[in-house]
Amino acid sequence: MSRRLVLLRHGRTEWNHSLRAQGHADVPLDAEGESQAKAVAPVLAAMDPVAIWSSDLARAAGTARAVADQAGLDPVLDERLREFSMGTNRVGLTLQQYAEQHPVEHAALVAGDIAAIPGRETDDQVLARFLPALTHCAGTLVDGETGIVVSHGAAIRVAVPAFLGWPADVAQGLGVLANCGWVELEHSAGTWTPSDARWRLRAWNRTAS
């Protein structure tokens, strides 16, 4: 038997809908996001998860609670599973607003000079916190078990290739996760250790609809 790790992006927020950067801002689900969470909850609960872990931010925690209620579990909140910190001046703004109000930082973003943006996390900084959390979640599972991790789109997109041992640039080729879209990772039977490369990507951006 195999073990399975499901990484679920949170439901929609009003800031998602208006294309405003969120990062660590604690923006709750909007009505559509709550509906998305209710729709995905029975689908993931049917996978019979043994544990649900989540980012502590409201949009992820609210999504996790919807799934956990269906599965009869209590979600474990972990701030290491948060989204990228988007930068001191980026949060709450659309990309156009950011370009108009902070043109120097926007130019650095376009050029890929992330370190020049105050408060913005790099991929390596996100992975330094996210991968130990994901490794812990994976390490609690035994053959035949499923665990669910509720997190954020950009963080998942960077973490999955790193967790699988793929080259860093693979993340750029993965599609954007839909709100309440999920990723399935599967591990073949046997003892798992952090250096074990038998985790495989089985699905990317599955949805309940």
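Note: Cβ is positioned from N, Cα and C throughout, glycine not excepted.
It should be emphasised that the depicted structure is a prediction, and the values quoted were computed from it without experimental measurement.
Note: Arg9 (substrate binding site) has non-local neighbours Val150, Ser151, His152, Gly153, Ile156, Leu177, Ala178, Asn179, Cys180, Gly181, Trp182, i.e. same-chain residues 6+ apart with C-beta under 8 A of its own C-beta. What TrEMBL records for Arg9, His10, Gly11, Arg12, Thr13, Glu14, Trp15, Asn16, Arg59 is substrate binding site.
Per TrEMBL, active site, tele-phosphohistidine intermediate is recorded for His10. Secondary structure at His10 (active site, tele-phosphohistidine intermediate), as computed by DSSP, is coil. Close to His10 (active site, tele-phosphohistidine intermediate) in the fold, though at least 6 residues off in sequence, lie Leu29, Gly33, Ala37, Ser55, Leu57, Arg59, Ala60, Gly62, Thr63, Val150, Ser151, His152, Asn179, Cys180, each with a CB less than 8 Å from its CB.
According to TrEMBL, the active site, proton donor/acceptor annotation covers Glu83. According to its DSSP assignment, Glu83 (active site, proton donor/acceptor) is coil.
Long-range neighbours of Gly11 (substrate binding site) (same chain, six or more residues apart, CB within less than 8 Å of its CB): Leu29, Glu32, Gly33, Glu34, Ser35, Gln36, Ala37, Val40, Arg59, Gly62, Thr63, Asn179, Cys180. When Cβ neighbours within 10 Å are tallied across all protein chains shown, the highest count among the recorded positions Trp15, Glu83 belongs to Glu83. Residues within less than 8 Å, Cβ to Cβ, of Thr13 (substrate binding site) and separated from it by at least 6 positions along the same chain comprise Gln22, Val27, Pro28, Leu29, Asp30, Gly33, Arg59.
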